[in-house]
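**Q** Before I ask anything, here is the structure I am working with.
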């Protein structure tokens, strides 16, 4: 089985072809990604209209390249999948419309994929992990701990009550005068700084419910920065290091609470999976490795290029759904908000 996946929910335009081999293993045949960082850098963040226009300009070319790299023709595909949300509605419509047109033209099944579900299932493509497992989803727009029990079967254990982790990184970077995107810049500066200089709060620490709250931490960084007259590079590095240390401690504490709740509500946990762009942060990956080793839990960290948005994860989620006979019709609309919960109506779309 071979599926084309299209991703346009934010500021990456992506197309990929993934193959399901005999025995159930997935194989990435092509994975084309075009970032829009340069287009948005001057604004310090993603501008929805610019993002949508950029998707329109490059998507057809990326799809053609993905098919060429995979050495496959459109007619040889078994299905065409596209991220239908959550995300910026203009961009989602671009990818969704393109996928529907290709599916109609080639008489292939169309699969509407939840972008968050695609992140959740990536570890099954890279590592073949069995259900159930604990997902830590950390990106610019989402921070959640989710019990992944099956395709379309998710239990959200905890989430952020305000800022997502990636959003906090970007906002701290902006207030400290660092370049966009902020996550890699904060990590780069943190490597040079003293993580103990500033005693920033660890929000929600010790609470039984594994929710996150980062607005207070973000405010603490702003206050500390404002108290320093003309911060030097050393000051900025120390602020970044102290902020990142607080984030790491918070994520470990919240993950511990999430694992405890998983075992109470679901049972044995086969692994902890990290997904989303923030999962590429080296300090976070090292801390989670230690946490899982101490907890006797297998940790799955997909390659950094599969943590950020990509078409391969959409194609794989399409394969997972198509394997169960779940396809969608051409009336499926973009869903800028689309929760990843087992009791949400949107989690059970598709018809067998």
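Cβ atoms are placed via backbone N, Cα and C, with glycine included.
Not measured: the values here are computed from a predicted model.
Take a look at what Swiss-Prot says about it:
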BINDING   115, 119, 309  Fe cation binding site
BINDING   137, 138, 139, 140, 141, 170, 183, 281  substrate binding site
**Q** Whole-number Å only: compute the distance from the Cα of residue 183 (substrate binding site) to the Cα of residue 119 (Fe cation binding site).
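**A** Computed Cα spacing between residue 183 (substrate binding site) and residue 119 (Fe cation binding site) is 19 Å.
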**Q** Taking the recorded Fe cation site as 115, 119, 309, identify the other residues of that chain whose CB atom sits within 8 Å of the mean position of the site's CB atoms, giving them in sequence order.
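**A** Sorted by sequence, the hits are 7, 9, 83, 116, 118, 139, 275, 276, 310, 313, 314.
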**Q** Measuring Cα to Cα, how far is residue 140 (substrate binding site) from residue 309 (Fe cation binding site) in Å?
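**A** Their Cα atoms are separated by 11 Å.
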**Q** Taking the Cβ of residue 309 (Fe cation binding site) as the centre, count every other Cβ atom within 10 Å, in any protein chain shown.
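**A** Other Cβ atoms within 10 Å of residue 309 (Fe cation binding site): 26.
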**Q** For residue 139 (substrate binding site) and residue 309 (Fe cation binding site), what Cα-Cα distance in Å is obtained after rounding to a whole number?
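**A** Pair distance, Cα basis, whole Å: 10 Å.
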**Q** Within the chain of residue 170 (substrate binding site), which residues six or more apart in sequence place their C-beta under 8 angstroms from its C-beta?
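**A** Within the chain, residue 170 (substrate binding site) has Cβ neighbours under 8 Å at 45, 140, 180, 181, 182, 183.
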**Q** Can you check which residue among the binding-site residues 115, 119 has the largest number of Cβ atoms within 10 Å of its own?
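**A** Result for the most crowded candidate: 119.
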